[in-house]
Amino acid sequence: MSKPVNLVLLYGGKSGEHEVSLVSAASVLKHLDSEKYHIIPIAMDKSGRFHRHDYNDLLACSDKLPVVTEKSTPLEGLLINGRLAVDAEIVFPVVHGPLYEDGCLQGLLELAGVAYVGCDVLSSAIGMDKDMARRLACINGLKSARYKLLSWHANASERQQFCHEVASEFGWPLFVKPCSLGSSVGIHKANNMDELNAAVADALRYDEEILVEEFIVGREIELAVLENSIPCGKPRVSMVGEIKVNHPDGYYSYTAKYLESSQTDLIIPAQLNNSLEEQLKQAAANIFSYLKCKGMARVDFFVNDKTEEIYFNEINTLPGFTSISMYPKLWQATGVAYPDLLDELINLAMVHHNCRQHLVTNYL
């Protein structure tokens, strides 16, 4: 029997999605095969400090993993002298939001010379920015909701003018979103000017740039994409899932996702005709390729029920792995069990790492 791979499970973080990470990490820990991997849980608290845990101490934590316990050991940092502070071959990041999904963490791990699960620096950075992701995803004619951007540099007068312009151009309701955040953190539905002003002010608490977009009447559709293990093979796409929100918020808000999820239905497979289903799968695969994604991504769309027009919403290059998260659920429904999915992602990460290690870096 081969020696288990030393694997860091990294979770927590300085992010508005900190709590989501703790739940995702508990689910991943539960499904990782301890005979294949020597699992080293490392948590980052909201101040950016790292804490090492013993795997066996966390086995009873079924709902979410703790950040600090009486038995956890503080680390000076994730890296020491440019290398991981612990002896590990690979890092499985289960962290969300800025610094973790936008290429920063990925670049740090590449500098440390360690393998990591998921998209690389480039695709993470593009995928995290809703504006840039839409520009590339829609390069060949795919639609997205019309939107406008606002920077936190804008003064009060400029913000007020911006709000009047988007309301006049797009009408009500409007959606306000931080440009580089996920899990519906900081997202608001605005039905009037007072709500829009409040939503803009709140969203700018989470990000330096926000977008305000028109409301698309349609079904919320999600697909999971997995890189092909065959070199140059087409991305693998799961069956299609649909999110049906019955929550009073009226959209897939943070509350509807995580706090009151019983009021949201995850429908797998989505009831679509064959032609529309194939169009969505092809669009998801294309977007994965356009953004040069590695490992995994979840691609989200809106579909107009009457016209069957497809609108790209966003791509998530480090999707949630909670028990209710669509990415693992879609693959389970497609025939890929949760533990097998984790194995596949880890194997893909090792392949990319080995490739990077063989690149020439000395030109003399």
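Cβ coordinates are placed from backbone N, Cα and C, and glycine is handled just like the others.
Residues or ranges marked as ATP binding site in Swiss-Prot (evidence: sequence analysis): 167-222. The Mg(2+) 1 binding site annotation in Swiss-Prot covers D300, E314, and the record cites sequence analysis as its basis. For E314, N316, the entry in Swiss-Prot reads Mg(2+) 2 binding site. Under the heading domain 'ATP-grasp', Swiss-Prot lists 134-347, citing sequence analysis as support.
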C-beta crowding around D300 (Mg(2+) 1 binding site), within 10 angstroms: 20
Local backbone state of I216 (ATP binding site), from DSSP in three classes: coil
Cα distance (Å, whole number) from E314 (Mg(2+) 1 binding site) to A167 (ATP binding site): 22
Whole-number Å value for how far E314 (Mg(2+) 1 binding site) lies from D202 (ATP binding site) (Cα to Cα): 21
Candidates A167, L174, L181, I216: member of the binding-site residues with the richest Cβ shell (10 Å): L174
Assigned element (helix, strand, coil) containing L181 (ATP binding site), judged by DSSP: coil
Length of the line joining the Cα atoms of L174 (ATP binding site) and E314 (Mg(2+) 1 binding site), in Å: 17
Binding-site residues compared (D202, E314) - highest count of Cβ atoms within 10 Å: E314
Count of other CB atoms lying within 10 Å of the CB belonging to H188 (ATP binding site): 22
Local backbone state of D202 (ATP binding site), from DSSP in three classes: helix
Residues that sit under 8 angstroms from E209 (ATP binding site) by C-beta distance, when 6+ apart in the chain: D131, L149, L150, S151, W152, P178, C179, S180
